[in-house]
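Contents: one structure, followed by commentary.
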């Protein structure tokens, strides 16, 4: 019974992620920890991203910063999807305004053999300690989210050696050296599983698998070269009983396939209308699914009335139905005006409560009419 | 009667683009002129991209280089979608490995007012002269394609001032200053129309509208903020009677909307299965449409047997049905192995002829059986 085990179980995020009704729609933002807050920038004057992740107190502090400033319903751990790989000894750096850079890209079986299984309490001890601190310090009704990079997105960094727009080397390997691809993806799926399992053991109430770049693949390539590994991860974690968010961007063509992979909440980017996409993923999965999303992060740069209009559109499409977690369609952009971020949190809470009221009034009016 | 006017009318590209049967599937590649050929790199040692576009003979030569090397069925003019904007006086540069950089980004009505209508024979005379040369020099059965940037993609460069991944300023303007957006998009639609019309007058047998980045928009934003302007362009050009390709990437969620905009051939990127997408766009449009695509440009980095397998998959999905033009799902990547590019052209011709033979044999076998 995860509801007894988890201190955050009673809160709006976990209720919504499990398809239960809530008084308001819960909200959190990908990249809410780090990137935009002035108090975070101050921390970054002293330490790099990777340094912060090796200092549990600082990592917990950065994770909690947005929680103090705003009534967000979930805290996502500060970190980077490359952390578990650094943990198993991959020499890498997170370069400012570039992204992950790998010293020795992996393109053959010998390279894959250098990747070993993750032993979380040794390899990523500070991250897990930070999870424990955050879970202890945060009010029980606010959830703590652990996250991991999905095999395809991690593989793309390892193979290319740096961020890419075209994934040419990754796809060439995938199509031309299927044995190397299978070995690499199998290993990355195990590492992601081991990392997320340890996050939950340390106190994370839910997990999110980030396959940020998987939208670069065709449907056929997703089904053949990615889906088997993603399915293993969710199958391995299912027994933990925590909500599992499956997230990607540019996935309009992949949603039907992804919906069958075992995640319990589908992350939706802003490109797809939330109502249509929700129906699509549930039809494809043949079971109820939660959805998370899907305001365009770029919309937060518009004047506040336009921001509210866009956020309201997302809420109206969700129509107060249990199972919706409000979020952006991708991470907060670094230069996002802070006042708009803060306004969206309040707006989602207020407007979603109001819409639920309207819905109840309509239902009773109908009952009276009958 | 465009078929009488146009010397290329009898060739496989124009026949397929008009939905007529051909002996083999025609093939050309976006970015086939420039980027990958050694003979092009030699030209670039002497002139920049923009300089080449101001020298009709050199521009024509670069356009013809891939046509001499490979039996491609269409020549796409060498150039850049920013050329008409440079023509109306926008100060810009095409920076190597970056893309278009605008000196004074346009973000208000005063900025839009600086954009004037295009007077093609004055503003882009060398481009049009290059079209005339190419049409004269090329065999009549090989088509010449003119192209223009679509309003959204052009607007994104003008507003951001440079290539962007997130389109934050563009979308903020679109959502927050609808009067500026409307003025900008209306002007860009007129410029694209004027440019493409002049290309056809100079001898282009078909045109392609590149909305390369439109996939960054939600369905609702596309319908409200882009579709009206795209429709104007196709409506204005329809009377010319030339095939009009409507191209974008990451458009899996937009194809139904785009299919109704007036283009006669839908460009498909590699993410969507060609057969499903073809059915979808024709259903949405309620009329027969051609399709162009959709091999993954990154697949050309794989070993040649994998490349052939992927190309054959595209041909089998098209199933020899009239109306398919073989292409990549986006432009050739600069480092693509030349031998694979050359092989795909031959493979598409050979295999598509062979598949047509199989299809005919099946049909006669069925006829005998009946």
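Glycine residues also receive a Cβ, built from the backbone N, Cα and C atoms like all the rest.
From the candidate list A:330, A:349, the residue TrEMBL records in the substrate site shared with A:31, A:32, A:33, A:34, A:35, A:80, A:157, A:212 is A:330. Within the group of recorded positions (A:31, A:33, A:35, A:80, A:157), the Cβ with the highest number of other Cβ atoms inside 10 Å belongs to A:33.
The two recorded residues, residue A:35 (substrate binding site) and residue A:80 (site 'Transition state stabilizer'), show a Cα separation of 12 Å. For the domain 'Uroporphyrinogen decarboxylase (URO-D)' (A:145-161), residue counts in helix, strand and coil come to 10 helix, 5 strand, 2 coil, using DSSP.
Cβ environment of residue A:330 (substrate binding site): A:30, A:212, A:249, A:269, A:270, A:297 lie under 8 Å away, each six or more residues apart in the same chain. Restricting the average to the domain 'Uroporphyrinogen decarboxylase (URO-D)' (A:26-35) gives a pLDDT of 95. Here residue A:80 (site 'Transition state stabilizer') is positioned 11 angstrom away from residue A:33 (substrate binding site), judged by their C-alpha atoms.
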